[in-house]
Each structure stands twice: as C-alpha cells, then as structure tokens.
C-alpha cells in the first residue's frame, strides 16, 4: 500500500492472470487520507494495450474510489511472461466541490505550485487459476483405476480390478483343457487307424491262405476279424 500523503493505493503492483486472446481486468482502490478533495489521473506506458476506467476522477475526503484496468486480448505471450509496462498515478489537491469534468492538466503541474504526488505501478503476469483436479482426495499415484460408486455410496473397486484377470485365467484354463482333449482324441484316432490297417493286412493274408486251403467255406477267424473291424469303425464314427 502506498504511503503518500494524499492517496493510499492498493495494490502497488497490477497483476493480470494472463491468457491468450482474452481480455483481462485488474482493479485497484484509491483511498483519500485527507480532509480535502483529491483529483487523480492514471497514465500508462502502453495506452493502446490498456483501458483505464476512470482514468481521471475525484476522491472525496476520507472516501475510496475503485479504478478498473482492462488489458486487451493478446495474440502471443511475452518472453518468460515478463511485462515491462508501467502505470503512473498522479494525485493533487483540488478545490472543494471540484467535479471530474473540471479536472485540467494544469492541476497536476508541480511548477504551478500545486501539491502533486506521483506513484509508479508495475505490471506482473501470473498464471491463470487451474481448474480443480478430477482425482478424489486420498488417491495415490499408481493406484488401481477408480471404481464406480454404488447406490449406497460404496466404491466398487473389487469387481472392476479383478474381473479382467479372472476372465483371462478362466479362458486360459478352458483353452488348455480343450487342447488336451483334442490331443488325446487325435492319438486315439491314429491308434485306431493303425489297428485298422494292420487288420486289413492280416485279413488280406488270411483271405489268400483261405483260398488255397478251404475254397468252399469261410474260416472262423475271417468272421472274427470282420466283427472287430465293424466295432472299430463304429467307434470312430461316434
């Protein structure tokens, strides 16, 4: 806060939450510390960039006046977010009953014998306020995904965190059982095919021998072999 004899100014540094392509405002309050009318005037080193309302006015004795400074929307940020702009606030004792329209440049001329004070104000850019984090309080980095909230307010973390591993394990177990069953059936099929081929060869051999020794009848072993082949073929069809 300024310690001038006429006006106290708060704050002493104009802070703008800088955002590209957006107008930003900052306010300061002037308080008259005297029993006199005090006129003020605000100047800036970059008048095209800022709009001051009001830029001139009267502060009544022991009263306050708010001044709004608006920075026009900027297309690019300054290097390192440093701003060299400055403001100058001049104040001078005015005659009782003076209105803002009666303020003239001569009122702030020290050479005219007027009581004039000057206060320089710096401009500072600050980071804009961050939106609240969606992460609930008490959550830790690296923790499991958030669970849904049930009707009674409890958090259902168990189902969400365990369902995927459990499903994967069950699928893997079923896949192993299926592979084992297929392998077993394949072995049995190959074994049956080998037995069939062997029986065909034996049948062919017996048939040749039967033609030589017993042309008029069918040997008993021939009937037995045919029955076995029928059983094996029936098993394979199932």
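The backbone N, Cα and C atoms fix where each Cβ goes, and this holds for glycine too.
The shown structure was predicted, so the numbers you read here are calculated from the model rather than taken from an experiment.
TrEMBL lists coiled coil at one of the ranges 182-209, 210-237, namely 182-209. DSSP labels the residues of the domain 'MSP' (6-126) in these numbers: 13 helix, 62 strand, 46 coil.
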